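Annotated features in TrEMBL:
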- 6-34: transmembrane segment (TRANSMEM)
- 55-74: transmembrane segment (TRANSMEM)
- 94-113: transmembrane segment (TRANSMEM)
- 100-235: domain 'Fatty acid hydroxylase' (DOMAIN)
Amino acid sequence: MAPEASFIAIIASAAAMTAIVGGRYLATSGLFAWITGRVLPGHYAGLDSQIRREILWSLASAAIYGIPAGVVAWGWQAHGWTRIYTDADTWPLWWLPLSVLVYLLLHDTWFYWTHRWMHRPRVFRVAHAVHHASRPPTAWAAMSFHPLEALTGAIVVPGLVFLVPIHVAALGTVLTIMTVMGITNHMGWELFPRRLVHSRIGHWLITASHHQRHHESYRCNYGLYFRHWDHLCGTDSGLSEAFSRSSPSSPARP
Ligand SMILES: [Zn+2]
Ligand SMILES: [Zn+2]
């Protein structure tokens with residue numbers, strides 16, 4: 001392929017991926033905002049100007065997520081870059097679910113430590129205050145990040161596909177979990193049954209009840225999908241009391 005044709009193909013792929021990420025955000029956040037309006041009418045009352053800001057920051061983040069993803073998708077199609085595979089027999093079948101778990105665990109680890117770093121006061125003011133300007137967050141806040149914070153998130157999956165083999169459908173599953181959990185963790189109410197959230201399994205999983213507490217208290221509950229880093233590092237403060245008056249989780253630590 002001529003260099004000019006490659007350049008145009010890269011730009012087209014980055015633009016297409018930006019449109020996909022932005023469209024996916026609008027459709028999915030819109031769906032959960034609509035469900036919120038049905039389940040808890042008036043829950044987002046008075047938050048119109050905050051929601052407008054959340055949507056603008058999120059659409060800017062869509063480009064920051066879409067550009068590296070688009071470049072990598074082009075390289076995968078045009079040059080066989082990445083370890084994404086399409087034939088399910090390339091790796092053993094057990095790797096399909098395990099690869100999803102490995103991606104989520106690696107993303108969670110990256111997120112936990114970059115998130116803690118972004119809570120250092122000087123970094124917070126520059127890179128993370130935008131996300132915490134949502135008080136309380138809504139279903140539209142899922143990608144409401146300053147561009148620097150968006151960049152720390154945008155490089156994770158495009159980087160991992162060069163290192164860890166994954167079937168294209170398993171990758172789709174990872175991206176779906178990432179999108180849905182990013183939205184539901186911010187929408188201001190608990191989607192998952194109380195029996196799960198307060199169970200032994202729930203003790204290790206992050207849902208809205210856990211992340212809401214991060215938005216209330218700031219210096220705790222830094223994880224993304226799992227609570228093991230928060231438990232190990234003593235930063236787990238249990239679940240939001242606004243969501244649950246009788247949390248069995250560990251009490252808040254200073
Ligand atoms: Zn958040
Ligand atoms: Zn934070």
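Placed from the backbone N, Cα and C atoms, the Cβ positions cover glycine too.
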* Structure fact -> Sequence-distant contacts of the transmembrane segment (6-34), meaning Cβ under 8 Å and at least 6 residues beyond its ends, amount to 44, 55, 58-59, 62-63, 65-67, 69-71, 73-74, 77-78, 138-140, 142-143, 179-180, 183-184, 187
* To do: Please average pLDDT over the domain 'Fatty acid hydroxylase' (100-235) for the predicted structure.
  => 97
* To do: Count the residues of the domain 'Fatty acid hydroxylase' (100-235) that DSSP assigns to helix (H, G, I), to strand (E, B) and to coil, and report the three numbers in that order.
  => 86 helix, 4 strand, 46 coil
